Amino acid sequence: METTVRKQKKNLEMKKPSIYSLQLHEMQDWLKEQGEPKFRAGQIFDWLYKKRVKNYEDMSNLSKGLRDKLSNSFDITTLNTLVKQTSSDGTIKFLFQLYDGYSIETVLMRHEYGNSICVTTQVGCRIGCTFCASTLGGLKRNLEAGEIVAQVVEVQRALDETEERVSSLVVMGIGEPFDNYDNLMGFLRIINHEKGLHIGARHMTVSTSGIIPKIYKFAEEDLQINFAISLHAPNSELRSKLMPINRAYKLPDLMEAIKYYVNRTGRRITFEYGLFGGENDQVEHAEELAALLKGVKCHVNLIPVNYVPERDYVRTPREQIFLFEKTLKDRGVNVTIRREQGHDIDAACGQLRAKERKEETR
């Protein structure tokens, strides 16, 4: 059963940088420029990420002079919640308004092991996957690091009401994370830091459609973050049909980058494989996929796709999903079927935002 809470849009105007975009060392540098001791950075982070205050006046252990400097330099407002949809399984989807009127989606998913959040990195997407609602309308702009951080802060504030916490996160919302690489990395470091929300690196997952140069760069980062590839096809011809990015970053080159990442980090990689009825879900596709992944330290996550009205793809029948899984397992592939959540709300990535855009143009 769906429960929806809808609020009015606000006139938001952010002329100053978001304070949520600053890493701890950047806050320390700013304080030094202001003639303030750098230990104040830890106090400020405590107010932002532990107490989660909404204004500078509540930072009672800071001098009024420092609070004024912060107010004059950084915006502390986060996001305006436009829509909050709650599913019968506890999944909550948020539609947040940004300062310039654009909207983004964030999803809270409840598991036996804790609460997971799926965050967005861009307003729209330029990748053009033919099955995805996120790319409808194209890319509007990148999110700043602080706008990605603010999604987690806002969801955590909602969980504070029931004394729960965000225990893990996936960067699989609207947009291509590696298309906004610097802001992505700033976000991850803020969220991971012990003075931030302190979500462990191994409890975070970043997914990419396959921007190869950034895969090599990501392999050199010092964060032990889980890594996933949106694959969705076992060969170049089919992948190019489903994901036009494959024409720029071809599958053989992508597999080489993935092998480099696995060898460089020693970490297992996850391949996301959405199943589209009659397109990529036959036994021969599973056999071809097993051959493609042979020798790669990996896990395959099979995704029964959500129906998107603007797209032509249909869901693979349940029996066919199990057959596809069995075919992979019989060939030694580590595979699971992703548990569906939020099926009774607009839980497919980009659906709620697309619906909101339609209502605005009526």
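Residue 1 is the first one shown; counting continues down the chain.
In case you wondered, yes, glycine gets a Cβ from its N, Cα and C as well.
Swiss-Prot lists E105 with the feature active site, proton acceptor.
Annotation comment: Swiss-Prot describes 111-344 as domain 'Radical SAM core'.
The disulfide bond annotation in Swiss-Prot covers C118-C349, and the record cites sequence analysis as its basis. Cβ-based neighbour count (10 Å, all protein chains) for C118 (disulfide bond) stands at 24.
Summarising the annotation, Swiss-Prot assigns [4Fe-4S] cluster binding site to C125, C129, C132 and lists sequence analysis as the type of evidence. The secondary structure of C125 ([4Fe-4S] cluster binding site), as reduced to three states from DSSP, is coil rather than helix or strand.
Per Swiss-Prot, S-adenosyl-L-methionine binding site is recorded for G175, E176, S207, S230, L231, H232, N306, and the stated evidence type is sequence analysis. Sequence-distant neighbours of G175 (S-adenosyl-L-methionine binding site) (same chain, six or more apart, CB under 8 Å from its CB) are T120, T121, Q122, V123, G124, C125, S134, L139, N142, L143, listed in sequence order.
Sequence annotations record features per position, and here Swiss-Prot assigns active site, S-methylcysteine intermediate to C349.
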Candidates S207, L231, H232 (binding-site residues) - the one closest to E105 (active site, proton acceptor) by CA: S207
H232 (S-adenosyl-L-methionine binding site) CB neighbourhood, other CB atoms within 10 A: 25
Cβ-Cβ neighbours of E105 (active site, proton acceptor) (radius 10 Å): 28
Cα separation, S207 (S-adenosyl-L-methionine binding site) to C118 (disulfide bond) (Å, whole number): 11
